[in-house]
Every structure is written in structure tokens, then in C-alpha cells.
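Everything below concerns the one structure shown next.
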Amino acid sequence: MLLNSLFLLLIIGVFGLIIIPAEHRLLLRQFSLLITSLVFILSLFLWLGFDHSTSKFQFVVHNLWLPLSNINLVLGIDGISLFFLLLTTLIFPLCLLASWTFEKSNLKIYLISFLSMELVLLLVFTSLDLLFFYIFFEAVLIPMFLVIGIYGSRQRKIRAAYMFFLYTLLGSLFMLIGVVYIYLSVGSTSYEVLSITKFSNYNQRWLWLAFFASFAAKVPMLPVHIWLPEAHVEAPTAGSVILAGILLKLGSYGFLRFSLGLFPQACLYFTPFVFSLSVLGIVYTSLTAIRQTDLKRLIAYTSVAHMNLVMIGIFSGTVIGVEAAILQSLSHGFVSSALFLIIGVLYDRWHTRGVNYYGGLTHTMPIFIIIFLFFTMANLGLPGTSSFVGEFLLLVSAFDANTTACFFAATSMILGGVYSLWLFNRIAYGNIKLVGCDLNYREFVIFLPLLLGTVFMGLYPNIFFSAMHASVSNLVWVESWV
């Protein structure tokens, strides 16, 4: 019932925004913020009522759909999906707060797109039917396509929107073929049925490749990462936050839920391939980030590097590696979202993202610089922050799985120090180039939960590990017995 309440609230929110006249811009903002805030508060009760001792799905909701075809809409959460759901419900109200001064026309469509996106994302993370997962997985493209294509900041926004749409859609067509094949072979698309179905080695490998094409484009991995920097640069600030904070997690969640859960032997077979692509992605995108002069493009490339590090943890084949990958995904959702919001603060004041235009902000925006320094250090994996726990455990698990991959993956910490400290130094120190006001109360409130969450996750990671441990142990055990 609690899970249904989340979806019901968001549906009410979407229809409420449709009913409210477009001229009442303040009411539209207040109503959408109220709905997303209530959804976040309700989602916390899911965490409070979650049973850590079982790997079974909880808060399961059975909605009959296409009963003659044995295809049902079943929703539920386990230790893997719980925190992705919480991350989603937290980021959206912060994005709406960040868009409070958004002055472009069609505010109503903008807010409807965000609430629709949150609804579909929650359905993705809770869907226990493969066909409905695919439908919701692809439905996310529509509102984000509108956000980038209509509300982007420059003339290249149309090109960026189509790159985002086509790259992710084309990869998912292979997944659709795999879903149809599974249904014809098994007679069901229920995840609980498929999880106890043993596919042949040959079938597992081809199905794994079909799913890989879809999930790799979302992570993104080389060479299908080209759409991400373009989409980030052209999207409005809130769109970039959703892209980095949540949409990139769809790929890692898909690998965790379906690739590891349904095709364990194929995962073992393709692990060297995934490690190779991930290491190339980490080194290449980190080096590319160093030479960027556009603030958003720089953070976009760092996101690719961090998510490829997550992929190494997912395919490490150990409980600690998979748990660290989930924690690092959550940490990246906090830290990268904050970094894009920081860029949004600068862009709102001076309408430029060129690094060369900024300097000496320590003198004029001290509170802003303190927050910027904290998230820069968190992005580097400073001890005491969430990134340190995730990256350290990822590298430990990678060392056991493949020492060479671990060595090259560890270069991300060195290269990360180069581009992060270079960026901070250019913006914080030197001659004062632009004069502006420091963070206001609304902007400080936006950063506060991300800052507290990053520290809390870094100091008390066991609270998160205990909730996901049973589900992850079951997942890795399934992989190890084949």
C-alpha cells in the first residue's frame, strides 16, 4: 500500500499541474515542490519498514495486466532497488528548488515533464516484470528529451536531445529482441519466474549481449558515451542533475538486476571484456576531462569515469564489490548532482560556463567556495566522505578479481585530483574577474541535504550495507553456483 501511495501522489501531481492555469507560475512551482517533497517523506517510511534480514522482495504490489498472456505488472523493492528509489525521491525536490527562478515560457510543461520523469523512474526501480521494466526504461527518454530539446540553453540543444534519444533507444532495441525471445522461450516475463529459470550457456551469452547494448549506453561505457557530454552541456541545470544523479544509474541497476540476476554464467564469461572497456573508459574520460574548458562538459566526463569504476565493482564477482558499486552509485548521485548545481549557481549569475571567465570567487562568495571545496574533495574520494568508502572497497574487490584492471582503475584517483583541483584553483583563486552575491537561503537549502548525506554515508556506511547485504549476497551466490 505504501508503494502505491508514491505512484498515486505523483499521478495526482501530474493531473494537478495540468489543471492549474499556466499563468499561476508560483502556484505551479509550490504544488510540484509539495508533491515531490511528500513523495520523498513517504519513501523514507519504506526504508524504516524495510526488513534487512531477507533477500525477498518487499512491499510487493500485484496489478493484473494482460492476464491471458501471463504478463503482470508487479512492483516491489529489495535491498538493491531501495536506495536507488530513495535517491530518486530526494533529487527531484532539489531540482525543483533549483528551478525556482526558471523564467522560460511553458513552465507548466517543464514541471509536468519532471513529475512524469520521477513517476516513470520509480516504476523502473520497482518493476518486477521484464516487459514492463523495458517499457518504463524507455519511457524515461520522452520527458528528458523534452527537457533538453525545449529548455536547453543553446542552439545545439536539438542536436543534443536527438543524440541522447537515439543513442539510448537504438541500444535498447537489442534488449527488446531479448525480452521477446525470453517470453517465447519461458512463457513469462516475471522476474521471479525468470530468476529460477536456467538458460543454456549459448542463450545466456547472446541474451547478455542484447541487454548489454542497452545498459552500456545508459552507464555510459565506451564507445557509446558521446551523447552524455552533449546532453549535459545543453540541458538546463535541473536536467543535468537528473541525468548525472539518476539516469546514469539505470545502466548500473540494469546490470545488477538482470545481467547478474538472470545470466550469471555469461557475466563470468564476459567479465574480462567489461573490465577492459571500463578501464579504457576511466583513463580516456579522465584525460579528456583535464583539457575541458566548459564547466559542464568537464563534470560530465568525470561522471563517465566514476560510473565505469562502478562497472568494475559490479563484475568483480564478490559481495563486497557489488555492495561498494551500489554505494558508489549512490555517492555519485549525491556528489555529481551537487557539482552540477554548483555550476548552475554560477550560470544563473553570469550566464557562462567557460572556466576562463571565472577567478577569485573566494573573495566574493566564501560560502559558495566552502561548499564547492567540500564536493571537490568528495569527488576525489576524501576519507570521511561517501566516495572514499565506495572507491576504496571497489579497488579492494577489483584487486582480488584482476590486479591489472585494479592498477589502471586506481589511476582515476590520480587523474581525478588533477582535473578537480585544477578546476577549483581556477575558480576560487587568482584575480577577481566577476563580482556577484554569495549563496542565498534557497540555494543553501538545496546543498544542505546533499552535503549531510555525503558525510553520513561516508561515516556510517554499514547502515546502507546492512540493508542491501542479504539481496547482494543472494545475487552473488546465484552467480557463483553456476
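Glycine too: its Cβ is placed from the backbone N, Cα and C atoms.
Taken from TrEMBL as is:
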TRANSMEM  6-24  transmembrane segment
TRANSMEM  31-50  transmembrane segment
TRANSMEM  70-97  transmembrane segment
TRANSMEM  109-125  transmembrane segment
DOMAIN    127-411  domain 'NADH:quinone oxidoreductase/Mrp antiporter transmembrane'
TRANSMEM  131-152  transmembrane segment
TRANSMEM  164-186  transmembrane segment
TRANSMEM  235-256  transmembrane segment
TRANSMEM  268-287  transmembrane segment
TRANSMEM  299-320  transmembrane segment
TRANSMEM  326-347  transmembrane segment
TRANSMEM  359-382  transmembrane segment
TRANSMEM  402-424  transmembrane segment
Ranked first among 131-152, 235-256, 326-347 for CB pairs under 8 angstroms with the transmembrane segment (70-97): 235-256
Contact yes or no, the transmembrane segment (164-186) and the transmembrane segment (235-256), 3+ Cβ pairs under 8 Å, gap 6+: no
Result, the transmembrane segment (235-256) in contact with the transmembrane segment (402-424) (3+ CB pairs under 8 Å): no
Positions on the same chain near the transmembrane segment (31-50), where near means CB under 8 A and six or more residues out: 2-3, 5-6, 9-10, 12-13, 16-17, 20, 58-59, 77, 79, 82, 85-86, 89-90, 92-93, 96-97, 111, 114-115, 118, 467
Long-range Cβ neighbours of the transmembrane segment (299-320) (under 8 Å; 6 or more residues past either end): 219-222, 225, 228-229, 232-233, 240, 244, 248, 251-252, 255-256, 260, 267-268, 271, 274-275, 277-279, 281-282, 285-286, 288-289, 292, 328-329, 332, 336, 339-340, 343, 379, 391, 393-394, 396-398, 400-401, 405-406, 409, 412, 415-416, 419-420, 469, 472-473, 476, 479-480
Interface present between the transmembrane segment (109-125) and the transmembrane segment (235-256) (three or more C-beta pairs under 8 A): yes
Long-range environment of the transmembrane segment (6-24) - Cβ separation under 8 angstroms, sequence gap at least 6: 31-32, 35-36, 38-39, 42-43, 89, 106-108, 111-112, 115-116, 118-119, 122-123
